[in-house]
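J.: Take a look at this one; I'll ask things after.
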């Protein structure tokens, strides 16, 4: 038998094997559990699929035009078609492996799967009829197979990149709603288009990576396995924000490396939108014009709805000469002659530097002196900016006696005067500012002064701020500042509050501070042991604040060796057991790689010492996030071993379980040991199983998350 014929026979037999394997997998697809090496094979599906596509089209070319390549068409055709079918079968097999992974919904990849299967099955029939010289039937199958290849590719692209990926460029002009800045909504017209381009292809119906969908607002708020994508109760820990700020080279950065990344502007838009309360139905014009999100969103819209100015642009050299460490002069949007000027550095501010701006007085349309120490006579210097539209004088200390000098700025639309001790004369002057669209006057004046302004300026939106009606309001929680929460000797902790007159009560014994149980903060607190610090702020005329809590860990002794009895979940494996002794405290985001997560098995570890140790206690740093199925352990057990002795159980705890979802908590479980001559310690933290009846996942398994073990 010729060598080529042997190869043909091998390929034909391989096709029979592939058909059998694929048929078995299709029938039992919902019950497949793959070993890790087959998951790797599955992930090769995108790499493999290019080979059969090219080879099938070449085989069709040779089939329909046998003399086109100037070779023995019969042999070449057999080589091409058999090889193409072999690679098609392998690609289909890899695709079936890939479909078993988490993050894919069967209903939404079915089109791609079945068209791919039909390519393999009908392609084999094409080959069989061709070998049997039934060319008319073979030609029909060849046309159907090529059409199916195109359909399979289209469905695959839609699955990976989003619906209608192929025709999206042709549809974009029709599908994207064109609205003016005045009508635009923050989410629908600024944030949602970014998510559609950079996020939704992996987080939508049909491809739910990390159990997170982002194609509808309700799913964004619901979140995925790591928590809400936008957490309205804890905006800074919203998972969108957490993951877009992780460095690109790290595993949990989003969008993943290799996918289109957020631009700096897109990242800043998402960040400022979330931190500004993440409103889903708020108009852009309802935002404070001084806010970062408003400025960025406005700049985004200027390309389609930009304002034209009749004045000439200042030279780049002039603008560059005006910029320094304490003053920023930039165009309001690219290619605009209008300039935005912002002053920084309260202690370095010199009112005489306002005169420098005379070089660009025609071009300045936005001017911000917020928090700069101005005097009323400085206001006169601002009256010579004919095109000024936005002026921010918040917290500048002016009384406003010279505000009348600004009345002739006919283009002034937005004026901010909040936080200033404005005089009666100032309010009288403001009554003549008929050109204003927005006026911000959060001051110590009473409601009558604000009401009079509203009467005289009926077309101006006036924000008058807070008026005291006797209602008590709650203080913000104090701030806890420190260098590291894990230390080997001692750590100094500072407590602060934005309102300087408040009193800060704190405790170091994990009890709630109140009027009868507290220490009064007077200066930095020095800690030299495991401590849970809880602090609250109190002031006359205010309700006491909610508490702020921080947990501090002392780690004096490190084991010489350690080993986990069970591996952590592959999604939360950190650096293995090394994570537990790296003195790097994890935060409330359990997806950063600093936590070990256990669900199907307990967290169990043995720690050994080369020489006998005098050990007072051991502590376990854990996380509780009930909304993500992460609970306190149902049981904590600690054993010790001394020379020539068996293991001895020295502590058993059954932590109190929550009765409802709480904010994420960093918790510590400490076991007293107080014994000499210890050569080994064994610890076991058992996850909750089953989850309680009040929990949405009732009946399922809970998680235990641990990030540090501390021995003293």
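Glycine is no exception: its Cβ is also placed from the backbone N, Cα and C atoms.
Whatever TrEMBL says is automated annotation, not expert-curated.
TrEMBL feature annotations, pasted as is:
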- 199-258: domain 'Cytochrome C Planctomycete-type' (DOMAIN)
- 487-541: domain 'GH29D-like beta-sandwich' (DOMAIN)
- 7-27: transmembrane segment (TRANSMEM)
- 47-67: transmembrane segment (TRANSMEM)
- 79-100: transmembrane segment (TRANSMEM)
- 112-130: transmembrane segment (TRANSMEM)
- 137-157: transmembrane segment (TRANSMEM)
J.: Can you work out the mean pLDDT of the predicted model over the domain 'Cytochrome C Planctomycete-type' (199-258)?
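T.: A mean pLDDT of 82 is what the model gives the domain 'Cytochrome C Planctomycete-type' (199-258).
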J.: Where, among 7-27, 47-67, 112-130, 137-157, do we find the most CB pairs under 8 A to the transmembrane segment (79-100)?
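T.: Out of the listed stretches, 47-67 contacts the transmembrane segment (79-100) most.
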J.: Could you give me the DSSP helix, strand and coil counts for the domain 'GH29D-like beta-sandwich' (487-541)?
T.: 0 helix, 28 strand, 27 coil
J.: When DSSP states are grouped into helix, strand and coil, how many residues of the domain 'Cytochrome C Planctomycete-type' (199-258) land in each?
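T.: So the domain 'Cytochrome C Planctomycete-type' (199-258) is made up of 18 helix, 6 strand, 36 coil.
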